[in-house]
Structure formats: structure tokens, C-alpha cells
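K.L.:
The domain 'Major facilitator superfamily (MFS) profile' annotation in TrEMBL covers 18-474. For 20-44, 56-72, 84-102, 114-134, 146-167, 173-197, 209-228, 234-255, 276-303, 343-366, 378-399, 411-432 (among others), the entry in TrEMBL reads transmembrane segment.
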């Protein structure tokens, strides 16, 4: 199948300079989420936003990000990954400029939507481009670095955001949360524009716009329903919207296999939909994010409600998780076991064990729990995520052909976003539902049972995958 792609970078070109420029843009988009979270109360007060409008400061970014990752990942395969990456970073920076100078909440929400579209355009091209411009032996290391910057974004966001918003060095208040991203975005654009060759036009097929719109609508409905269900009290229309969105996604997958014209570039390449190993890897990544995202959410809420830690103290308490995730990602990026399921098995077991230890700590100590007690289990969780997630993403991407790398990356990242939304919604419902009748510590322990079960299941499935792979190899 012929599609657009960037020319390979020759040995004389600075391959890793381009890779780090790509990763810089991804880091900034990940950092933006956590920094803006801290700024929401100040924004709401300054712009006189209602509670619903305050939620949309976040949702206006997250909904288009989740909804458009898959279609725009595939569009990158067809229209050119370099072209879409540069457009996405530019749109993200422009949205940050508008948001940082907004004088009303409606303008700011529109700007956040533009940032979400920009991030969705940029993010799937990052991993897809690394798979194309680097030789096979260096691609796993790039995926490891991507996981590292993801973890750094999680830990650096609260720390950098808290410091910048507290010190307010330029007297800009909350506006610095948006303007902070512009300089690194410009640097990324300049490096990629100078050193990454232009995309080659090799596709005469048209885009599958109809199914792209259906996917965007389905993922929007699913993410919105899951994210807002508890807040709205789970009305009937939300309970209909979520399964209807899942059915619409299933219809699109079926249509991609059987109803796409040969003159149209499919949104989901048949090679991916017919690859059981790739779909298994993508499903495992979704499952893992469905488990992990609720853990820091629960701890952040419980540590402020129980032992009354400040937001800054909570950020420091949770730092062991992303710091060890960076270490685990670094190891996974350099190690290639003979059985591709070895690291995912080890990682899932470590995460499951860490969550169980936190549950036992809350049951034992209750509201008097200290940050010091959580460091060892959070270290296990971080190390396990670094080892397992990098291996899973790297192995799954390796199963996709180069001309489908954008679609594969978009599908994986869409699964991650859906998993995050499901995790926070389910764990949040368990926590806030239990906190009415139980202490904060007991409510946290009850809520964390769900991610513990998820990772126990993930461990069993990874063991099964390792056994099947070993049998096929003999």
C-alpha cells in the first residue's frame, strides 16, 4: 500500500536531534495538562467561570485529544507525518497564545479546544516518525524515551506548575500556564522543519473521512459519558450514550474490513485489524491504563482529605512513581528479552503488588497514613509501569508495517486515553461512593481494589501470552 511518508534521514543528518525535538513537543503537551489543572481555580475566579465552565477548561482539551488521535494518526500516514506534526505543534502553540491572553472564559475554552486538536494532530506522529526515521535497533530506545518523558510530564507538571504559579515571576498569574509552552513548541518546529526531510507524495487514494467522523463522534461520546457520568448523576441518556458509542466503534471496525472501497485509504488498515498479535497488544495497553490512572487520582484526593497534606506535599509524595517509571523505561528501552512478554509479566506483577501494599497500608493505618509509608509501594508501581508499558508499546508498534505506523500509534494512544477516562470514572465512583459511609482511608482502600484486580488480570494474560509465545518458538 502506498502512502505518504517522510524520506529516511541519512547518516549525515542528526537523527536523534529530530527525535528529541519530536519528544520535546510531546513532553510539552503532556506537561500542559498537569500545569493547567493547578491553574483552574485561579482561572475560574479571575474569569468568573461557573463550575461547568471550569470543567470544560479541561474537557475542551481532553475530548478532542481522545476523539481525533486515531483519525489524525491515519491521516498522517496519508497526508504526511512531518506535515501534520508541524501543523499540530503550531496549532497547539497558537491555542496556548490565545488562552494565555483570553479575557473571557468562552474564548479560553475555544483556545483549549484548538490546543486539543493540535495535540491530537501532533502526538500520533511522534511515535510513528521515530519508527520511520530510526533504524530498527534504535527504535525501542526511542519508545523508552517516550515513556520517560511521559513519566516526567506527570511528575514535573505539578512541581513546575506549582512553582511558576506561586512565584509568578512575570506577574502574569494563571496566564503563564499557557504561555509557558510556546518557546519549546517553536524550538521543536524549527528543528523538525530544518532537519526532517519533506514528505513524499505517493498516495492517489482519498481519505476515509466518513468513518473518521464516526470514530471521532464515538470516542467523544464514550469519553464524555465516562468523564461526566458521575458529575451528572448518571442520567438515562448517559447510560445510553456509552454503549451506543461502543457499538458505533464496533461498526466502524467491521466496515473497515468489509465495506471500504479500494479507491479509499482505510482509516484502520486491514493489516492491523487482521493482526491478532497487534490487537492483543493494543488491548493490553488499554487494560493497563484502565488500571493505573485511578491510582494517583485516588491518592491525590485521599492524602488531602485524610492526613490533610497540601497539594505541593502530595505532588512530592507521589514523585516516587514517575521517577521509578523513568528508571524502568530506561531499562526496558535497552533490554530485549527473547520472549516479548517477559517484561510485561514482570511489570504487571510489580504494579499489582504495589497497589496491594497501598491497600493494606490504608486498611492498617487509615487516615493517619504518611507519605513515607507510600514510597516503597509507589516505587514498585513506577518501576513496573516503566518496564511493562515500554515493552508493550514497543513490541506492539513493531508489529505494524511502516505505512501504517501512524494509524497504529493513533490506535494505541486512543486506547490509552479511553483507559484513563474509564479508570478515573470507576475509581472515582468507588471512592466518593464509599467515603459517605467510611473513613477516607477505608474509601481509598475500597477504590484501589479495582486497579488491583485489573493488574492481576493483566498479569495472568501476560503470563498466558508468554507461555503461548514459548510454545510457538519451540
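Just so you know, glycine gets a Cβ as well, placed from its N, Cα and C.
Remember, TrEMBL labels are computer predictions, not curated facts.
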K.L.:
Rank 234-255, 276-303, 378-399, 411-432 by Cβ pairs under 8 Å to the transmembrane segment (56-72) and hand me the top one.
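P.N.:
Stretch with the highest Cβ contact count: 411-432.
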K.L.:
So which residues does the transmembrane segment (114-134) touch in its own chain, when a touch means Cβ under 8 Å and the partner is 6 or more beyond its ends?
P.N.:
5-6, 8-9, 15, 18-19, 22-23, 25-26, 29, 32, 60-70, 72-73, 76-77, 81-82, 84-85, 87-96, 98-99, 142-143, 146, 196, 393, 397, 400, 402, 405-406, 408-410, 412-413
K.L.:
Going through 84-102, 234-255, 343-366, 411-432 one by one, which has the most CB pairs that fall under 8 Å from the transmembrane segment (378-399)?
P.N.:
343-366
K.L.:
The transmembrane segment (343-366): which same-chain residues, six or more beyond its ends, come within Cβ distance under 8 Å?
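P.N.:
Cβ under 8 Å, 6 or more out: 284, 288, 291-292, 295, 299, 302, 306, 328, 332, 335, 337, 373-374, 376-381, 383-392, 439-442, 444-445, 448-449, 451-452, 455-456, 458-459, 462-463, 465-466.
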K.L.:
Against the transmembrane segment (411-432), which of these stretches has the most C-beta pairs under 8 Å: 84-102, 173-197, 234-255, 276-303?
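P.N.:
Comparing 84-102, 173-197, 234-255, 276-303: 276-303 has the most Cβ pairs near the transmembrane segment (411-432).
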K.L.:
By Cβ distance under 8 Å, which residues at least 6 away from the ends of the transmembrane segment (84-102) in the same chain are close to it?
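P.N.:
Same-chain contacts beyond the ends: 22, 25, 28-29, 32, 47, 72, 75-76, 108, 110-123, 125-126, 129, 172, 175-179, 181-182, 185-186, 188-189, 192-193.
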